[in-house]
Amino acid sequence: MNMEASLTARDRVGIQDFVLLDAYTSETAFLDNLKKRFHENLIYTYIGTLLVSVNPYKELDNYSKKQMDTYMGVNFFELPPHIYALADNVFRTMLSEFNNHFILISGESGAGKTEASKKILQYYAVSCPSTRLLNNIRDRLLLSNPVLEAFGNAKTLKNDNSSRFGKYMDIQFDHQGGAVGGHILSYLLEKSRVVHQNHGERNFHIFYQLVDGGEDDLLRWLGLQRNCQHYSYLVQVWDCAKVSSINDKSDWRTVRKALSVIEFSESDIEHLFGIIASVLHLGNIKFEADVRGYATLDNNQEMHWLLGIPAQVLQQGLTHRKIEAKTEEVLSPFSVDHAVYARDALAKAIYGRTFNWLVNKVNESLANKVNFSEPEATVIGLLDIYGFEVFNVNSFEQFCINYCNEKLQQLFIRLTLKSEQEEYEMEGIEWEPVPYFNNKIICDLVEEKYRGIISLLDEECLRPGEATDLTFLEKMEEKIGGHPHFVTHKLADQKTRKTLDRGDFRLLHYAGEVTYCVVGFLDKNNDLLYRNGKEVMRQSKNAIIRHCFPSTEPDSKRRPETVVTQFKSSLVGLTEILMSKEPWYVRCIKPNEAKQPGRFDDVLVRHQVKYLGLMEHLRVRRAGFAYRRKYEIFLQRYKPLCPDTWPNWKGTAAEGVRCLIKHLGYKSNEYKMGRTKIFIRHPRTLFATEDAFQVCKHKLATRIQAKYKGYRVKGDYLKQKEAATRIETCWRGLMARKEREKRSWAVTCPLICSRFIKGFMTRNQPACSENTEYLAYVRQNYLTRLKENLPKTVLEKDSWLTPPPIMQEVGYSPRSCLHRRAMVLISVDVSMFKGKKENYPFSVCRPFLDTRISIEDINIKVLQMILHEQVKYSVPVVKYDRNGFRPRLRQLIFSLEAAYLVEEIQQLNDWLYWFFQGDLVLQCDYLFEALTKLCVIANKQNCFKVVQGSIRFDIQPGREGFVDFKSGQESIVYRAKNGHLTVVRAEFRQC
């Protein structure tokens, strides 16, 4: 059902495109439409080409292969809104315009961003061209997801599978649309989660997968126990190790399989899991204070498992700091608090750098290895990045995430306005300025040079002296205290001050107010790893660790860039990437906090609609005109409403639309005619047009039905008339033929009778033309009667039927030996072939002879060798060679002792063969006679097998040959293309 057709059901299922919402400025109308569709399990709705997706928190049956095929190659608005429709439209636009695109998937944690990204990847995996190599790349693209989710996702308060890093993936396509490679960029991994989790949250999935799902031998080798409670980094919140919605054992198997497909070597996998185990062991290292207050290790049990680093080196690295004093280095001991900080900093650095190594390793596997000679492939980017986050306690991570969302919202509005203006200009329609909230003021508050929050935070981190989180807060109050989007406890009025602690500051984001706690801002922004910590890691035996902490890394005395500055730079790079591509958007919404299906929390959804900027986007898309369609599409749908355009319009589509809307009575302020599209200002105009079309459609259906029924009845009548004519013609022809036969028989019958009488009268005379037919009839009649009246034994001389004189003359007397022998042959022949050979009735009427080759025609040398064996029968045959089936003329001779196959040419060395040694293929014109003779001479009547269709024989040991029998117009024997000898027998012809 396309978008226009769905308007008839708008009261029940809402409107598929918010652009057609009449009260488009009303948040309430927006929410009502969203809720109406949600309760009908219609989780997707458009705002133009933007897709709004509401998480259903249950499995839906609209993601099958059949559903993918339905949306493949279909116009964007032709079917109901779906993630597949957006993915297909992006794909087809990329192929037709040969340019780059990206899909921005945004929404808060738990709204379904990761699932939307997976659905798009799965769609491309199915819809793209398929070869063995392309399938391999497709599998790697798909399986990179579970690997990165295991190492980069975790359970949070709002989502059991929350992405704790931002991910941008480029999928590379060749000119035919085949996925030939990919590349992944990661942003701001939440490393602090490795050492600390809030109440109700977990560490990264991979730790629990390894402990719960790892094989016993692997855990033993890593020094781990199958119990998360034994590891400090996993039990800060004791009741969250097990989550009902997460199956760590199953996920472990998926990750192991994915690592193999992505071409991680066994050595890489061992070192990777060795690092994960080492982080757990590192978290179990405890410190105690000695008498001077310096940190010492409580026990050395965990040291054995830490990356193959010598225990003494590791112990020193965890309890001392190396300080350069002029030309010498001095080791300064840590206090217990400093040692814990250094341990946690090392754990975060190990995990963070390993994650970056993992992403680079995946990128090596996804690199384009298909088309080296082609120009740069077109790409579709997928940006799955953390959504706007508001928790009870918001810290440094939420500040960075929400700053990222501010930048993306700024980009989003800019690109949306740009695309709208470009379309209006391209269609020659005047652009009407759109009022919207410009969040540049907030972005400047955060990132402005020297005065922005980022600059103030970096300045506080880098300045000498005792800088603390509170001094950072005081500096913000001093520098930006008058900003309308910034407030603290000190700056707030009496009412607002009650909602702020002394260590809090509040930003008024485009999505609403967020209160941040400054505690930990400086430490997390510094993310310091002491220099000797890096030196300790370089002594590891783990190849990945040595790669992540290279000896070539400069140990500069200058402090490295802070975390927030690095993040700001990466956002600038991301913005440049996105600005170079055509944008598409998926906005994900979480319907309730409890993750319950069918529950729609109006307050929560309203908040998300606001901070996702959906109302601003709708206002931009409705900048004057709610509906726009190409002339061809609009005319094709609504042409039945005008007599001049129905059923076929002969002119251009634009002229047809102009004629149509004139007939419908559109007012001049209700529409504009562009170069290729019609723009309709108000949804009610379109609704009225659609309702009129639905009424017209029913009338048309009735008329078409009537026409069709008349066509069917007329067709049936014509068929019956034609059938009756044919029957009449056939009957008349039959009657005419019968009449002709009667007249012909009246002429022919006297002639037949005359020939029969003449034959009877001359039956005792020598054979001549007058009695030949009669004598043949007599012989056949006698043999037929004799077949039914054969004596029981050959010795009953008096029980034979008396033959006619013509048969007595040639030795067929019942009492003659020749006659009895002939009768025996007939009896044997009948028992052997009757009912088994199709052409037997046409062959039995041919009289058998004693032999077909006279003694004079047999080679004298052959006779000399076999004369003593008494030659009984001989017949000419054709022998077919075993190789190539070439025909050779031969003589087949039966004696009392053997059968011989003799060449006609007189060569002594090459003319004698035993018939029964090996398989020979022979052709004989007197088949029944020869085989009957052989049966009588050998006294074996059941040694023949009559087969139909095809027969197999041995050419030589281990090699077979075949003879195929067929019927045709004429008899022929030849070698077929399949190597078989093919025998074609003419229909109803004697053999």
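From the backbone N, Cα and C atoms, a Cβ is placed for every residue, glycine too.
Per TrEMBL, the feature domain 'Myosin motor' maps to 14-694.
Cβ-based neighbour count (10 Å, all protein chains) for Ala111 (ATP binding site) stands at 24. Positions annotated as ATP binding site by TrEMBL: Gly107, Glu108, Ser109, Gly110, Ala111, Gly112, Lys113, Thr114.
The feature region 'Actin-binding' is assigned by TrEMBL to 571-593. When pLDDT values are averaged over the region 'Actin-binding' (571-593), the model yields 89.
Using DSSP to sort the residues of the region 'Actin-binding' (571-593) gives these counts of helix, strand and coil: 9 helix, 8 strand, 6 coil.
Listed in chain order, the residues near the ATP site other than Gly107, Glu108, Ser109, Gly110, Ala111, Gly112, Lys113, Thr114 are Asn55, Asn159, Ser162, Gly387, Cys588, Lys590, each with its Cβ within 8 Å of the site Cβ centroid.
In sequence order, Asn55, Lys158, Asn159, Ser162, Lys590, Lys595 make up the list of same-chain residues 6 or more apart from Gly110 (ATP binding site) whose Cβ falls under 8 Å from its Cβ. Of the listed binding-site residues, namely Gly107, Gly112, the sparsest Cβ surroundings within 10 Å are found at Gly112.
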